[in-house]
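Annotation comment: Swiss-Prot describes 22-357 as region 'Important for interaction with NUMA1'. Residues or ranges marked as repeat 'TPR 1' in Swiss-Prot: 24-57. Residues or ranges marked as repeat 'TPR 2' in Swiss-Prot: 62-95. Marked as repeat 'TPR 3' by Swiss-Prot: 102-135. As annotated by Swiss-Prot, phosphoserine applies to Ser132, Ser352, Ser408, Ser483, Ser501, Ser541, Ser565, Ser607. Positions annotated as repeat 'TPR 4' by Swiss-Prot: 142-184. Here Swiss-Prot flags 202-235 as repeat 'TPR 5'. Per Swiss-Prot, the feature repeat 'TPR 6' maps to 242-275. What Swiss-Prot lists as repeat 'TPR 7' is 282-315. The repeat 'TPR 8' feature in Swiss-Prot is assigned to 322-355. Swiss-Prot lists Thr486 with the feature phosphothreonine, giving a large-scale study or a structure entry as the kind of evidence. Annotation comment: Swiss-Prot describes 489-511 as domain 'GoLoco 1', evidence class sequence analysis. Here Swiss-Prot flags 594-616 as domain 'GoLoco 3'. Positions annotated as domain 'GoLoco 4' by Swiss-Prot: 628-650.
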Amino acid sequence: MEENLISMREDHSFHVRYRMEASCLELALEGERLCKSGDCRAGVSFFEAAVQVGTEDLKTLSAIYSQLGNAYFYLHDYAKALEYHHHDLTLARTIGDQLGEAKASGNLGNTLKVLGNFDEAIVCCQRHLDISRELNDKVGEARALYNLGNVYHAKGKSFGCPGPQDVGEFPEEVRDALQAAVDFYEENLSLVTALGDRAAQGRAFGNLGNTHYLLGNFRDAVIAHEQRLLIAKEFGDKAAERRAYSNLGNAYIFLGEFETASEYYKKTLLLARQLKDRAVEAQSCYSLGNTYTLLQDYEKAIDYHLKHLAIAQELNDRIGEGRACWSLGNAYTALGNHDQAMHFAEKHLEISREVGDKSGELTARLNLSDLQMVLGLSYSTNNSIMSENTEIDSSLNGVRPKLGRRHSMENMELMKLTPEKVQNWNSEILAKQKPLIAKPSAKLLFVNRLKGKKYKTNSSTKVLQDASNSIDHRIPNSQRKISADTIGDEGFFDLLSRFQSNRMDDQRCCLQEKNCHTASTTTSSTPPKMMLKTSSVPVVSPNTDEFLDLLASSQSRRLDDQRASFSNLPGLRLTQNSQSVLSHLMTNDNKEADEDFFDILVKCQGSRLDDQRCAPPPATTKGPTVPDEDFFSLILRSQGKRMDEQRVLLQRDQNRDTDFGLKDFLQNNALLEFKNSGKKSADH
């Protein structure tokens, strides 16, 4: 009888465990199905439910971690993606799954790349590559090479965006990163060609062409994009075909073959309309407008820019609308229609002010100044002078769009300026601002505001008081003046480090302080007594060593809490059997821990700490109707050369070495430009 009861209990336990396992696996499979169908948000819910149920199967749990990380990546929740890929890496490493470790390292690298942590991403992707080569996994090796190319490509682009540099003109570190991307893409291309993977070849050709384009290797870019176009046509991939046409147009622009570029842009426009992608259609119109501007066919340029403007208004893209107004102003100026040019320059100024685009605002002011100089009008630096009796084509009518998301006219100028002109415009037109110089007396105020603390004076002693519950704290005037002799640079940085340590104590853990005279053992935001300081004693405290010991202990415990262990891996149900297996793997593994693996862990922990301590960088936003690969530099050079050809070489009077002012210079050039623009208008 007793044996039967024991047998029944074992059977019941087996069935319960089987049902739980089936439930976890079924939830995970449903989550995978939903993600594959494109509903990643619903898929995440099922994966999270599977984690809540838990499983003893370590490989199943690793697969769930990987899928969850990928789903969160697709949903742009990169912090969650990083967390689950990190769990996946830890678990794969623990159970000795090298293939899983390679894939997890690659996924971590892709996530870190998107977060802008390129050096950490390179370490992870290199780990992926090393393991794949060790296992002779050609497919994994190809993916790792492609990922490394992507990371170096993104790194180069991120460094190469400080200003309106010409394509191919980069600092040495940017060029090195882009060249490394080319090398990895070419290795990837050779490998996927040997494997016969045509789809992967298409991706490699596309990225290789884009990287050559950035490096200024436009012939190589054309060759790569032509191959990308052929493969896209093989697969019937209209979106990839459209991108290839657009990239070919961009490359031919910089090769000076504008007619060829216009043909590719027209094919891009046709495919965009077939795909019913209004934003891409607007981008194509914008590119065609600029191309016909370079061809000096201003009537066609205006036609395409008006189409771009109409779609930008339809899509509420203020960035694109401002860019269209800038282009239309240039085209109308070239035709000698200064009234229309004035109107669009004013619209450009209005939009630049609205979106807070200072460079675009300066450009619009310069355009208005030149136009008004030609028309003999006076120019006000404070208000835009709206031109009168200006009739606008009916196709421009539309609802005023909402505020755009990003600055569109970064560091842009319409024409080349003399140093004198730039200097005068900077001083006369731009708003005057006082330089922001941190005075010694302001350093404590800065730290004080940063920490949410304030100073209170009790006789001669200044003690940091807790002000965490108040919204704004201002220091009385009598307490703001602190001489530079009282607190020097070393004192300031010492005080800053103490404030930071106090902030860490408040937010992160409860310190078990040694030799502490306070009775309370709970976390307190009030600083210890060693933080007390008088104005007559040095800032450095005799208890610095004790404080640093406490700080090191706090940090080490916090890092230990964050590191993944088997007890805090979500979804892992440990039984006696699995616990013994894990213990055996941890204690009896004779293989020394790989330094690269720990390097990855440390870098990932650093990324997590950085994410927790500071706000993430602002998301890169862009106008949907403006192409990513814009060729403003070529347009500006063309405009500048045209202006230079029209201008006269002024003979400087020996007796007037510096009397010839900016006003005289602008007036002479404006009159000449007015005459020449009239001739061009007559020719057209």
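Cβ atoms are placed via backbone N, Cα and C, with glycine included.
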Outside the repeat 'TPR 6' (242-275), six or more residues from its ends: residues with CB under 8 Å to it: 167, 206, 209-210, 213, 216, 218-219, 221-222, 225-226, 228-229, 232, 281, 283-285, 287-288, 291-292, 294-295, 627, 629, 631, 634
Rounded distance in angstrom between the Cα atoms of Ser352 (phosphoserine) and Ser132 (phosphoserine): 51
Rounded mean pLDDT for the residues that make up the domain 'GoLoco 4' (628-650): 53
Packing count at Ser352 (phosphoserine) (other Cβ atoms within 10 Å of its Cβ): 25
Same chain, 6+ residues apart, C-beta under 8 Å of the C-beta of Ser132 (phosphoserine), given in sequence order: Ala102, Lys138, Gly140, Glu141, Arg143, Ala144
Number of helical, extended and coil residues in the repeat 'TPR 1' (24-57), per DSSP: 27 helix, 1 strand, 6 coil
